[in-house]
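Heads up: the structure comes next, in structure tokens.
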């Protein structure tokens, strides 16, 4: 006999369903559930008097020898994902990977159970009611200056760090390069202790090929070209030749001073080959004043770093001070001051907001401790989305913010994964991928996750007093969980390396315990492959006034005095 309950009662018990709108934090963004994969009346819920019990929603006979039995299931959760959309489902995990998005349960007693989502006695359950699940974030612009960055990253919902460095050396303060085989080995060994996935860039600044090849063979998943080492046409060509040969990505911070050529010369050196441009607006560095034009090319994968996101009344002043420190400039030297002033342009920063909203800029990253904040990639992405809704109105005619939400979440999940040849493994919650999952309460979305799951094991979470009688008494703050302890760290995070390094078995050579996964397909991608962010309009920049035009139309916006997801979330 069917039981009819009110929509309000259903939402209170099982969470929102199709058509329900959920506000993201204190932004003005509302996500509407597009599809519900659960069977009404057969929802799985754990707890006293609930349905996940032996013989009910939990099988009384299925053992883990059955490959369809889950290790971990998140039930009744709202999913926000660039590829899956905004849906309601159970998430099934086995052996550290997502094996099902659908209906979990006991097929002996329930209809429509997804075939490989059986709940058994060996299954752990987490209630996803009133939570939002997203894929772990990917930050592709990491200066590995200190190991403590990883903690701040994972606490913000970022689970993969890609970049370079060797610690607080001046070369690392300024550039994201791990130079040479010796440092590559030692940085992999050091990163064994980090609770996040890691990939390292080699130093791409070399006009001959062998010094680049040896870094790729030692484990670098890509090469980074930086102007501080000389971003010349010869260097660019050499790095891209090695990239094409060894199937890795090249990231570039172009020549702010235009010493060895202008943007047109850099694009000529790139010669149509795919490349990942960092801080493509230019405040973080790059051809002044028109590096932003690079975003119009189909072979360019354009990224932002987060300090310019979004454009606020404090953005300009903050950048001048940051720049002087990060690039070892002296306020007493006129040439250094001129260098700094040439990079910080309100006009192009304002345009960057709009280019993100149009889907022209495709990736968001941090520039950690080197003119960017590792813990604010997610926050600033959603602050930008909210500002653009306020200033530009709705995108599309859906009557909700779903398209804008999917466009923006793609910028720090699936698109950086595509750019670096790791989308087969991370970047979305699709079946088959590593179960790096972030769970949020809607009111804290984008700011403070409830739980961060790494490879199917809870690694970080909000946790109260460990001596309390229940988990919730204050002080509540982020603490490492069992997935980030002891030998488990090596089982819950991976290293992304080149195919050459995988073939050379650097895991055994360096004595590593974490799984190494080779990147692939880095040279076959283009702007067209970047999800919801593949637009390639004509962009022009006025060389004197710095005004930016897209297809002939001036694009600009005002800085704001305040942003959501701000101080009210950080009083304690």
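Positions of Cβ are set from backbone N, Cα and C atoms, glycine also.
Among the candidates 224, 293, 441, 448, the residue that Swiss-Prot names alongside 141, 143, 367 for the Ni(2+) 1 site is 224.
Record check, Swiss-Prot: Ni(2+) 2 site residues include 224, 279, and the candidate from 253, 287 also listed there is 253. The Ni(2+) 1 site is defined by 141, 143, 224, 367, and by the 8 Å test on Cβ atoms against their centroid, the other residues of the chain that qualify are 140, 142, 163, 164, 175, 176, 251, 253, 278, 305, 365, 366, 368, 370, 372. Here residue 226 (substrate binding site) is positioned 12 angstrom away from residue 141 (Ni(2+) 1 binding site), judged by their C-alpha atoms.
Close to residue 253 (Ni(2+) 2 binding site) in the fold, though at least 6 residues off in sequence, lie 175, 224, 225, 226, 227, 228, 231, 278, 279, 284, 285, 286, each with a CB less than 8 Å from its CB. Each residue contributes its Cα atom, and for residue 143 (Ni(2+) 1 binding site) and residue 327 (active site, proton donor) those atoms are 13 Å apart. According to its DSSP assignment, residue 253 (Ni(2+) 2 binding site) is in a strand.
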